[in-house]
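Undergrad: Look at TrEMBL and you will find 51-425 tagged as domain 'G-protein coupled receptors family 1 profile'. The annotation region 'Disordered' is assigned in TrEMBL to 275-299. Residues or ranges marked as transmembrane segment in TrEMBL: 35-60, 72-92, 112-134, 146-167, 231-256, 364-385, 405-428.
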Amino acid sequence: MDFNQTKFDRDCSQIGEFSQSILTTEFRFSPTITIIIYITYLLPFCFGVFGNISVCLIFFQQRKLRSITNTFLMNLCLNDLIVLCVSIPMTLSNALLKHWIFGSFLCKIVHFTPTVTALVSTFTVAVIAVERWFFIVNKQKFDRRCTIITLILLWLVSIIIALPEFISRQLEEFVPHAVLRQMMGNNTSFNHKMYSNNNTNLFMNYDMIKSPCKMKKIYYCVVKPGIRNRIFSYIVITVQYLVPFLFVSISCYSISRFLKRRMIRMRSYQNQKRFIQDTSKSTKKKSLDIPDETEQEATSLDDISSAAITNNNKSNYLLHCFRQTFQQREQLNYHQNSLNFVEQQHMLKYQSHTKRRFHRSRKLLIYVAALFTISWLPLTIVQIYSEHNEETLYKRYGPNFVYGYLLIPCYLISSLSAWINPIIYNYINRSFRREFYSLYSCCFKGSSTTSRKESTSIILKRQQTGRAHNGEVNTTLSTRLTLKQNTHGVNFADQTVVMMHKQT
């Protein structure tokens, strides 16, 4: 029998007895299993929505947390909210229902949004890695305009890459088997062909026979198989996994190498300064160790000069100027050494601070990228399996196996990154954790007080170190100014002494 040219002699009114038996919403599993699946998804959904909304509130309330890295993390939070509120519920409903009931537009949107959100997460992690590299290695910050442009381009590129998924998805109408049997008049040969092992493609057989009754049609949201669809899925998979891995690994390697080189330079600079200071001290000691004969000669000359100078009242003033200038020079040398020591300590603290910031950002990048990779890996494997084994979906019990044992658990695992990301932000970033405790101070009384004490102690320590450093700098500057003021007097005193010696 040629199914394309089949003509039905029966009218729609003759199959009216099946209109009440065919349900518009028919679940794939029993009601108890369906309720258990929805409850299993409800717990991570509530937890993830609560965590991501809390991060958004903290970001918008506190201006001090609106840094460039936190702006990109905010983009990740909004993306995770889209995943939790739009992608997961609709994909779960698609997996639990036997056929599509939401229309053609939602058929395209439901399969389009997971691809977009996955690509946005991938590109956001890559952009955070690039921003950290620019900030630490090149000492260049992303400004506000550059950040906004980067976010817009990030979403646009993700949408453009996911557009083939939106275009290729379409609704296909098929006829239920109960209606087919009534229309075919319980034809046994048709039933044998429909469920034979050689012809397992049920959907293709349904597509050959179009129902004359609009009330008796069911719809499936499908993609026509072909080489183009496979190429697109492989491109998305490679971009999804290769881009964050490459960017995170390259940026972390280059930043760690740069910091190691910088620390080596700082240590060599400190060793050179210590060597110069030791050599200067040793030369001073050698110059002070004068023989006894020269000392006696110097003392005799000093006695003669002092006897000559005591005759004049101005000589006392000149000696006083000499002593004052020598004392000031000694004080200046002491303050310069102390200032160099303070600068060295300040540079070491700065180096340790940048190193700690790099370790925190590296932890954040590695955790987010690893969580994203682990959570999306099972779903990607199942999609590749279904791409190469399309006949399993068209077998009689194939869809129940694919959706029940493969796709529904993979959807749950893919939502892990959406509701664990806020925990990572609070674990790594102290400021987020402190503001989270203060936001929900009614629930975390003890932790909020301890976090406030820690923050106040950190602020006091920073103020004390800053004041000490500023005080030492001010003292050295004041000594330099006094020395500059007194240098003119010293030169004048030297000239007068020379003139007096010439006169004597």
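The backbone N, Cα and C atoms fix where each Cβ goes, glycine too.
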Undergrad: Same chain, outside the transmembrane segment (72-92) by at least 6, Cβ under 8 Å from its Cβ: which residues?
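TA: Tertiary neighbours of the transmembrane segment (72-92) are 37-38, 41, 45, 48-49, 52-53, 55-56, 59, 102, 106, 109-111, 113-114, 117, 120-121, 124-125, 127-128, 131, 147, 151, 154, 368, 408, 411, 415, 417-419, 421-422, 425.
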Undergrad: To the transmembrane segment (364-385), which of 35-60, 146-167, 231-256 is linked by the most Cβ pairs under 8 Å?
TA: 231-256
Undergrad: Based on Cβ pairs under 8 Å, which of the stretches 35-60, 146-167, 231-256, 405-428 lies most in contact with the transmembrane segment (112-134)?
TA: 231-256
Undergrad: With a Cβ cut-off under 8 Å, give me the same-chain residues at least six positions beyond the ends of the transmembrane segment (405-428) that come close to it.
TA: 37, 40-41, 44-45, 47-49, 51-52, 54-55, 73, 76-77, 80-81, 83-84, 88, 91-92, 95-96, 121, 360, 363-364, 367-368, 371-372, 374-376, 378-379, 382, 385, 436
Undergrad: Could you give the mean pLDDT over the domain 'G-protein coupled receptors family 1 profile' (51-425), rounded to a whole number?
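TA: Across the domain 'G-protein coupled receptors family 1 profile' (51-425), the average pLDDT comes out at 72.
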